[in-house]
């Protein structure tokens with residue numbers, strides 16, 4: 001922080017923009033490729049959202065398609081398949097919040113208490129690994145282990161214990177996808193909580209121990225308050241993303257368990273928008289999801305502020 | 001990834017007041033800590049051991065099966081847990097197969113070119129935004145950050161890419177997702193921390209911004225650059241959905257992940273290649289070992305790179321963000 005103060009002390013007087021332009025022209029030039037790409041592939045699609053209010057015809061393009069106002073939305077809200085995917089999205093998101101979220105926190109606490117640094121590093125290396133696997137690979141691994149022809153059922157069959165088909169059962173699908181998410185991402189989730197734990201002043205623990213606090217009281221009064229900010233931040237992010245529950249994960253497994261269990265808002269846009277060529281309909285579903293998501297981020301952030309935390313942004 | 005960033009900032013603030021998290025090289029128990037209970041140690045060991053097993057055992061089974069002879073697979077009744085009879089037959093078969101070997105090349109090319117493009121664009125943009133009080137950097141920053149909150153979504157993006165003529169084109173697999181604002185912000189926060197003295201000294205010696213980026217900033221932030229490059233590379237290597245969108249028909253252009261999805265996951269035979277291969281002429285090769293070999297193949301590049309970059313996670317993303 002001392003460098004910041006030094007920097008402020010030798011701040012030059014404000015310059016004319018022409019001089020600044022000449023001084024900074026290479027810096028500005030450097031940002032051009034990224035800005036152009038973002039304009040093309042992030043900002044241009046924002047205007048493409050106009051298709052949600054049209055009856056888009058790929059043959060004539062956005063400019064000449066008929067405007068239909070809110071017709072697509074009216075149709076959407078009376079579509080049982082849409083409400084089914086909405087229900088699935090919220091349900092799966094809720095299950096993941098309850099069953100997934102605590103896992104990395106607990107693992108980080110556990111790992112932090114491992115004293116040997118080498119052992120800790122080894123466990124971390126293994127735990128981070130699945131984060132870098134693709135969803136295709138992750139689901140293939142699950143299929144090979146738990147699927148109908150997988151290792152588990154192979155074992156059950158050989159010992160005459162019947163079979164247990166987890167991969168294609170729509171009723172346990174929420175548990176399946178949550179365990180996949182835990183397998184793939186919980187280890188990586190540790191990283192942020194470990195960083196928070198490393199930021200806790202170690203002298204606090206010593207002082208508390210001298211004062212007679214046992215390990216659980218130290219955890220309750222030092223560790224958990226020390227992690228609070230990060231936990232709240234992660235919760236805010238999770239709530240803000242509540243409507244995006246692993247698109248690729250569901251896309252891959254939709255055929256196996258059927259659409260009534262695996263269709264979420266994202267896959268709905270894909271299957272009833274792109275796959276059927278009904279682009280405006282899918283775009284309307286996508287727009288609906290984006291608006292609700294923005295509201296969720298805003299709301300979750302307000303909630304974080306109410307708890308006295310920074311949340312995602314201030315303001 | 002932004003999370004790491006924000007938390008890095010937070011932890012940094014905290015550590016300036018506390019100034020503690022130096023090197024925690026203590027592997028001995030601090031004297032004030034009570035000795036562990038046997039039950040506690042056992043529970044901890046079991047949980048962590050279980051976590052390791054859950055990740056490593058499936059990988060072990062897949063690797064062993066991919067190296068197993070048809071006889072071993074028959075005896076095991078499917079997947080092989082203990083090596084019984086080993087052979088590299090499946091791998092020779094796989095690499096001789098036109099669809100798989102083409103897809104391997106496609107994947108390597110997309111990953112290589114894509115990572116290069118992403119890194120050039122991101123590093124330039126991150127440095128361009130990292131100098132304090134440069135003209136317009138706030139505006140560009142806001143432009144970037146907005147994209148993290150609002151997006152057109154799947155269908156408008158699809159319409160833009162196909163509208164620009166991207167259907168069945170290689171660039172459609174790379175350009176639409178090649179800029180990650182998260183990654184740019186991480187790079188930027190590291191570049192901002194490059195010592196101002198070093199940069200001023202270089203400027204005194206007549207170095208322009210390009211030269212400073214190349215000779216001062218990049219060499220002093222190798223760890224974070226390596227980590228971000230890994231993030232990008234993994235993203236390209238793992239992507240399959242953009243193939244489904246923009247290149248679904250021609251199996252000669254499919255990358256490895258899509259082959260894995262179609263052939264192993266969905267169990268569909270690829271036209272005129274693997275399926276015909278072991279269905280008819282090479283009936284002696286066990287299909288399961290071949291399938292597992294494809295799984296291993298998608299893992300190999302990651303496992304080669306991982307150990308080198310993984311040590312930078314610690315020095316780069318994690319401790320780098322904390323020590324401030």
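We count from 1, first residue shown onward.
Cβ atoms are placed via backbone N, Cα and C, with glycine included.
Away from its own ends, the transmembrane segment (A:27-53) comes close to residues 21, 62, 65, 67-70, 72-73, 279-280, 283-284, 286-287 of its chain (Cβ-Cβ under 8 Å, at least six residues beyond either end). The transmembrane segment annotation in TrEMBL covers A:27-53 (among others).
The domain 'ABC transmembrane type-1' annotation in TrEMBL covers A:86-300.
The transmembrane segment feature in TrEMBL is assigned to A:90-111 (among others). Sequence-distant neighbours of the transmembrane segment (A:90-111) (same chain, 6+ residues past either end, Cβ-Cβ under 8 Å): 120, 123-124, 127, 174-175, 177-178, 181-182, 185-190, 193-194, 197, 219, 223, 227, 231, 234-235, 238-239, 242-243, 245, 264.
Among the features that TrEMBL reports, transmembrane segment is placed at A:132-152 (among others).
Residues or ranges marked as transmembrane segment in TrEMBL: A:186-205 (among others). Tertiary neighbourhood of the transmembrane segment (A:186-205): same-chain residues 100, 103-105, 107-109, 111-112, 124, 126-131, 218, 222-223, 226-227, 229-231, 234, selected by CB-CB distance under 8 Å and a gap of 6+ residues from either end.
Per TrEMBL, transmembrane segment is recorded for A:226-247 (among others).
Marked as transmembrane segment by TrEMBL: A:279-298 (among others).
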For the transmembrane segment (A:226-247), find every same-chain residue at least 6 residues outside the stretch whose CB is under 8 Å from a CB in it, and list them.
89-90, 92-93, 96-97, 101, 105, 135, 177, 181, 189, 192-193, 195-197, 199-200, 264-267, 270, 289, 292-293, 296-297, 299-301, 303-304, 307, 309-312
